[in-house]
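Encoded as structure tokens, the structure appears first; notes follow it.
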Ligand SMILES: NC(=O)C1=CN([C@@H]2O[C@H](COP(=O)(O)OP(=O)(O)OC[C@H]3O[C@@H](n4cnc5c(N)ncnc54)[C@H](OP(=O)(O)O)[C@@H]3O)[C@@H](O)[C@H]2O)C=CC1
Ligand SMILES: O=C(O)CCC(=O)C(=O)O
Ligand SMILES: [Mg+2]
């Protein structure tokens, strides 16, 4: 079978039977996880299609391996490959704290304009959880992936440029609220209408397609009024303008309540729900983080900005069993470009030990197969993973919390997933 490129036409992917899929192995635990995951993906495709379809893997470099081999952390050839082949997958890449290179993960998302980070959070039967009813947590996070403080526009105290920024703020803009101006560093948080609208549109399209009941805009708009507050307002406006016949928003609720009273607003919402409309609502981020523990069933699809999405992803992953089983995708729905990756990082203390859970990358691979339209292969992965967990043959993260479980290495768990397909 000859290898071919995935292409896109009129917003639809054309997926050949042997698509070239660029992959980054990743830093830290990345190589262990990738090696196990790649085998699971290949086995699922082989079993689903009996050789009629095959993933043609193409390794591309990023992170430490790229630096060692090319002197660059993120070579242009890697970006070119993701641009050319459209759909790829990656292991985690290390980002130093407080200095050094900026995040390569963020750079990939920004340079390829992968504006939506989609992280489904669902519980697999038998996975140990810190809450009593983990099955009530069934959410899909749509995290804006290119803006916010992740733009990396910041100035370190004492460095060139910081004085200029401070002078501009204080002298030209009349800012008098910088508590310790002599020792302050500064950061900028850009949130745009375009960025918000394309993210919320993607989340709403997903909500409609999946028949989910609600979309919640998570923000800290009470404090950051013109960035996070604007996200909320632009989100509601977009929902009403483009999906008016399919949604009922809490902005509409407020307008009805103000004009005709709360009873009328409650009735309008109940009527909308009865008519199968999607409820578009919002919640302030700190309240959301407590309600995902106390009332998780009230939330379904979540749309939020970059930093909130990062925090919320790990918090929700913990509820359904932790970061070892938390997949994700970075997608641009217009260009068709996508890179699938786990929510977790490189877990450096476990690097090279063949120890950590490959579940997040395996499930990210299943998301990739679904994105390609290879649902049969994705379903085999869900079946295999459920089977391995059901047999209580799991990696350390689950084994330490499960009674009567058998401890497996990363590679052994991968093989166990394949066995149960
Ligand atoms: N997209 C990406 O590539 C990401 C990269 N990073 C980067 O990764 C590096 C390390 O970040 P850190 O904050 O330590 O976060 P990590 O997610 O790498 O690790 C934190 C903890 O999560 C648990 N964990 C992580 N991965 C797994 C796994 N596969 N199976 C089971 N448990 C797992 C471990 O918990 P325990 O100790 O309880 O065993 C680990 O100590 C940083 O440089 C960071 O920037 C971070 C997030 C995403
Ligand atoms: O890029 C990084 O190192 C961290 C990214 C991260 O935590 C995330 O995307 O969830
Ligand atoms: Mg994170």
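Positions of Cβ are set from backbone N, Cα and C atoms, glycine also.
Caution: TrEMBL annotation is automatic and unverified by curators.
These figures come from a predicted structure and were not determined experimentally.
What TrEMBL records for this protein:
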- 20-417: domain 'Isopropylmalate dehydrogenase-like' (DOMAIN)
- 94, 344, 345, 346, 347, 348, 349, 350, 357, 396, 400: NADP(+) binding site (BINDING)
- 103, 105, 109, 119, 143: D-threo-isocitrate binding site (BINDING)
- 132: N6-acetyllysine (MOD_RES)
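All features noted in TrEMBL, drawn onto the structure.
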residue	record	Cβ contacts under 8 Å, 6 or more apart
94	NADP(+) binding site	27, 28, 63, 64, 345, 346, 348
103	D-threo-isocitrate binding site	93, 95, 150, 152
105	D-threo-isocitrate binding site	90, 92, 93, 95, 341
109	D-threo-isocitrate binding site	115, 117, 145, 146, 330, 339
119	D-threo-isocitrate binding site	140, 141, 143, 309, 313, 316, 317, 326, 327, 328, 329, 343
347	NADP(+) binding site	28, 29, 92, 356
349	NADP(+) binding site	none
400	NADP(+) binding site	none
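Of the listed recorded positions, namely 132, 143, the sparsest CB environment within 10 A is found at 132. For ligand 2, none of the recorded positions lies close by, meaning a CB under 6 A from one of its atoms; the full candidate list was 109, 132, 143, 347, 349, 400. Rounded to a whole number, the distance between the Cα atoms of residue 357 (NADP(+) binding site) and the residue listed as 'N6-acetyllysine' is 23 Å. Residues within less than 8 Å, Cβ to Cβ, of residue 357 (NADP(+) binding site) and separated from it by at least 6 positions along the same chain comprise 322, 324, 325, 394, 395, 396, 397, 398, 410, 413. Proximity to ligand 1 at the level of Cβ atoms, with a cut-off under 6 angstroms, picks out none of the recorded positions 109, 132, 400. DSSP gives residue 349 (NADP(+) binding site) a helix state. Taking every pair among 103, 105, 109, 119, 143, the residues recorded as binding D-threo-isocitrate, the greatest CA to CA distance is 19 Å. Averaged over the domain 'Isopropylmalate dehydrogenase-like' (20-417), the predicted model has a pLDDT of 97. Spanning the residues 94, 344, 345, 346, 347, 348, 349, 350, 357, 396, 400 that the record associates with binding NADP(+), the maximal Cα-Cα distance equals 26 Å.
Residue 345 (NADP(+) binding site): 19 other CB atoms within 10 A of its CB, across all protein chains.
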